[in-house]
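Some notes on the structure that comes next.
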């Protein structure tokens, strides 16, 4: 979260009344027993004098950070999270969070910015390590020293072993040596376990105090025995020994499970048949609009080399058998009814003769998405993972009206999502909130969260329309254009739809010359001079670069002659653009037909 500069502004003092509210919030959120907290321990949780400031991360998170007088960050939160302790606070009060232990080599990866994966953890696990809980990560060799803080991604307490499991165990929020860590100014040394005096739980602290008081009382009684010469207590049981026979809190916290318990079905959204249908339909749209397909093509070839490869990044076990069509032939015939393609043949022996062009309504509004990269060893000149291909991604950001929906799903509200991700999120919310209408599963009940977003007073609405309506009314459009996926984190996300390069064929007012103009190259990192040089050769005519008349800040390339087809092919083949990013307009007046002689 804090991999890049947080942009923390100047610190301001926190009023004493506000500080008390923060302290009470911490006690409630982390279920701390106030009776066990002494004034000394309370000062370790939150000092008497604190400061605060706002921050905004490079990934879009906004929040508040609380520091001590020296500016060392102690607690932070975002708009969608509770107060989270930093590693500095955990070094003083390690009992605040349950800890997941890991190995040396895994610690290095976490410090380099990776999340903690389930196979890298060490059981047994604290019973507090439930999905969504704030937790710490530590090296098993130094169990009291937290090196990172994050959110537990699964119910870790259910596992007695992790061999053969996969997935993210902890979504890391803050880690040693990140930018929040460095914002404290001076370089602070990581402590050792011996230098941390407080135990890993308040109950252990209570037991520790009891033992200390017993020892003190025993020493006093022994002194009295020596002074008075009284031997009556020689056979008494040492209270320290009796206390040590009790099971430790750490042992009590471990939930005994005799066999491995897999994560429950509630931990992940199960794809419904209608979701899988939508994925296959979108894959056909992706294949038609993005792939170069030589026709005619057999149905098996079309499915294997295009549709299945262009599915969104979902469960690899998804197949045509899990759709409502069950068979390839039925699926393709359904696509034919939508006029996306034309088939020839009978039963399963089908051939695709024709594919629809981008004027089709579904293709005109279709937005590409990220697909699985092709594995190494397979070559495909049309693969989107090629370095020569540009990548433009349409993203969406939720409006404040959807904050509650994201909170109920434990998802980041202030983030960017693709269209297929939003549809999955909406379906997940419908299932989790039990919204399907019992009398008709095709409809859902509109709850208090969805009603203001959908702007409807109807208690029941058709399920298939909900995702599109929420996308339309509850999200704002953004986009990002990349030269490669490696640039994704470094690229700036901009508002609006993905802009298109405008190719226009028109006749000049003076001289009656026909020219082809190209505008909007800057968005796609295209050098106008380079394009002009290529077109000059391919079109066998003059090509110039000049400011656009309507907008002088934009550069346009002008080629003599009607060469829109050559321009489009050059942009696609030489610069990696996709045809859908190019808009063509013909401004030439149609030639008048000669009237037949009478």
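Residue numbering: from 1, along the chain as shown.
Cβ coordinates come from backbone N, Cα and C, glycine included.
Per TrEMBL, the range carrying the annotation region 'Disordered' out of 58-106, 107-155, 156-204, 205-253 is 205-253. Per DSSP, the domain 'DM2' (394-481) is made up of 40 helix, 25 strand, 23 coil. With DSSP states grouped into helix (H, G, I), strand (E, B) and coil, the domain 'SUI1' (509-575) comes out at 26 helix, 17 strand, 24 coil.
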